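Asks: Before anything else, here's the structure in question.
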Amino acid sequence: MDLMSALSLGELALSFSRVPLFPVFDLSYFIVSIIYLKYEPGAVELSRRHPVASWLCAMLHCFGSYILADLLLGEPIIDYFSNSSSILLASGVWYLIFFCPLDLFYKCVCFLPVKLIFVAMKEVVRVRKIAVGIHHAHHHYHHGWFIMIATGWVKGSGVALLSNVEQLLRGVWKPETNEILHMSFPTKASLYGAILFTLQQTRWLPVSKASLIFVFTMFMVSCKVFLTATHSHSSPFDILEGYICPVLFGATWGGDHHHDNHGAPHGMGLGTQHSGLPAKAKEELGEGSRKKKTKKAD
């Protein structure tokens, strides 16, 4: 018996899975995606000097997952751009966030209670995209588990996976920020979600798709809203990975996460770096510091 049916939530899950995403949920997805684009250093200056490049970056933030999924499945990568309504809606959001007088629109949507609503609605879209991606890949490759997982993963986190391409459009090159090397919570969650939906699609997970969409959406909404409200870069998976990864791989997955140093107290970064140096290097560093002090004294 399906767990959701036993809890009398089957009808709720089914109704929830049938809620149309356009335009309300898609609008929220576009708003949050372009807000994160504006957070990037130099994004505002780029919009003033090179508005076309800024618009392309915004479209990549909004539709990058579709582009990457089409690329994986050998379909035209510009196919989604035939959806004129979504393109116009995303373009309108981009213009209001970057060019609205006095930044009124940006200030309104960034007001934390309002932003949390948009963040929650964005996660609804993310989970639905993962489920649709799995179904679409299953239609082409009935027994291609890895293809289904990969397609669902990029559907849920394609924007992050294309971050280096988006940086190139802004004239920035930071290979150390590769999302594969430093997975954020949405990227990891999309991967785990893609695995769950693949198991459900291939009948290895005995739950209905509507029930899985409902449960996983509630999980994503709860986690992402909490992380956004607390301005945290941590992941709910960190504790579990801390136990499993040392056993399976001999190290903690994502232990060198690029957010880890952000919370370090001021004045401890240099000492931490020095503590990781060999003894000989420490001596050379100390000798160099003494020479500099001597020169200043002279």
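Each residue, glycine too, has its Cβ placed from N, Cα and C.
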Asks: From the topological domains that Swiss-Prot annotates, would Ile77 and His231 count as being on the same side of the membrane?
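Replies: For Ile77 and His231, the topology recorded in Swiss-Prot gives the same membrane side.
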Asks: Pick from 235-255, 277-297: which range has transmembrane segment per Swiss-Prot?
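Replies: Result: 235-255 is the stretch Swiss-Prot calls transmembrane segment.
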Asks: At an 8 Å Cβ cut-off, counting only pairs 6 or more apart in sequence, do the transmembrane segment (86-106) and the transmembrane segment (179-199) clear the bar of 3 or more pairs?
Replies: no
Asks: Same-chain residues six or more away whose CB lies under 8 A from the CB of Gly74 (Ca(2+) binding site)?
Replies: none
